[in-house]
Amino acid sequence: MLRASLRQISAALKEGQITPTELCQRCLALVRSTQFLNAYITVAEETALKQAEESEKRYQRGQPLGELDGIPIAVKDNFNTAGIETTCASNMLKGYISPYNATVVQKLLDQGAVLLGKTNLDEFAMGSGSTDGVFGPVRNPWSYSRQYKEKSIPRSDSEPENSNWVIAGGSSGGSAAAVSAFTCFAALGSDTGGSTRNPAAHCGVVGLKPTYGLISRHGLIPLVNSMDVPGILTRCVDDAAVVLGITTTYIFVCSMSLFRRLSQSKLNSIYPIYIFLFFSVSCHVSGSLAGHDPKDSTTVQDIFQPFALPTLTDVSKLSIGIPKEYHVPGLSSEILAVWSKAADLFKNAGAKVVEVSLPHTHYSIVCYHVLCTAEVASNMARFDGLEYGHRSDMSKSTESMYAATRREGFSDVVRGRILSGNYFLLKQNYEDYFVKAQKVRRLIANDFVKVFGSGIDILLTPITLSDAIPYVEFIKEDNRTRSTQDDILTQAANMAGLPAVNVPTALSERGLPIGLQFIGRSFQEKQLLTVAKWFEKQVQFPMIQLEEVKKHDDGVLQHQKSASFS
């Protein structure tokens, strides 16, 4: 049952095959049995069970709030959650409990979702491995899969036991691992330069970065305000669409059901029509993560129209772009081969596959790090020990307390980015670094505009340079070097504000996931996810085989790997 998709488990709840409380208890049991993954920082067991009980009552009354009612979810620990600790995996915020929920969290709770807990990450989301938080690194569930173990080189006697586990990616590694290990059916991440798509690729799950401004950032503790986007992690594309916006089909059924009941009442026949129209509109507004938020001025002003993903059968009218600049140094032969096979898959199905150029991509990673650290320096200034968060015992002066607080509360990684950002923002450096980076960012965004304006519908690119590497190898490089390497294929979409999604595509020779990235036009999530869904169906990515999961789950859904990606 825990291996079902979100839609399947939602149907099971509606049919009474399992209750929200039973489902929550089974997920919590699995969270406990997979503690070795270190995917969660906080498990809100009492809160989750209470929410599940409330959901169960709604189902008993025949009044579920939608497809997410009773569905266990997890949230990255840089989203504020009322009554539950929010730490950003930093000593600076240990013990901090927000008085309010982030908008996206509140919207999920309003739809009846059950919040299991907060997931692990790199400190303040600064990293690409989920290895640099104060609560320790996240372990990729695929490290313990049958697929990986069957192809792993036997450990030598000199190597420590369990030394060959691989990273989950970052910075939303805890959320990706939680979904991959079946402890929840969906999770929120954040994506500043690839922090949702990167771990999704490494953990074999779907990772969606929506268009900048489509989903509210209110309550997401900021890293880079101009690039941060709440991300969605699920086990299939359809589920990502469900979390992004409740399907039109479901809303229509609910509305018609109410309409029929009211039509049979003694009210004047005109009233049910007005109520039906009002109910329909209200569902469209409240049943979606997307849409305008008065608390976030960067959100789109237009009302978001939830959609149901169509089943694409004919791709002959599609034009798929293959950016030549994404063939970067360091790209593994395995990733390149999977990328090429994916392009051939579209071509053989009748789609037009065209090589395109994004000429300023070569400058994007440098541009990204200048802008990123500059905004980090600004955003981290709020953590001064005066109002909330960690406060040093140093009492010689306000200045010494302030300095000691930041020295004790921030890691070397965070302090390093703050120093870099402040350097770029110095009066004598501002024009040469920050202003030039902003100009280059505009050139990068214009590259995408020109490509999409030429008739290209979707861009197909790699996400990572290789499959997930062992932790002992990953930590040989410093955080800045790793981030530069790992963000190179993902951050341009953030600077251009475009939607992008990782789709698990194949297993590497080591039995680890490889994902590919689809980049779409601004606010064209429907087209992006429709194409991703078609591709997902073609490749039939295999399900992870975890012995720990099998102990807690009897309803296993089998998936076969496509021969074309073997």
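Placement of Cβ uses the backbone N, Cα and C atoms for every residue, glycine included.
Taken from TrEMBL, the feature domain 'Amidase' applies to 33-146 (among others). Mapped onto DSSP classes, the domain 'Amidase' (33-146) shows 39 helix, 22 strand, 53 coil.
Feature annotation from TrEMBL assigns active site, charge relay system to Lys76 (among others).
Confidence for the domain 'Amidase' (161-247), expressed as mean pLDDT, is 95. The domain 'Amidase' annotation in TrEMBL covers 161-247 (among others).
As annotated by TrEMBL, active site, charge relay system applies to Ser171 (among others). For Ser171 (active site, charge relay system), the number of other Cβ atoms no farther than 10 Å from its own Cβ, over all displayed protein chains, is 37.
Feature annotation from TrEMBL assigns active site, acyl-ester intermediate to Ser195. Counting every protein chain shown, the number of other Cβ atoms lying within 10 Å of the Cβ of Ser195 (active site, acyl-ester intermediate) is 39.
The domain 'Amidase' annotation in TrEMBL covers 289-529 (among others).
A distance of 5 Å separates the Cα atom of Ser171 (active site, charge relay system) from that of Ser195 (active site, acyl-ester intermediate).
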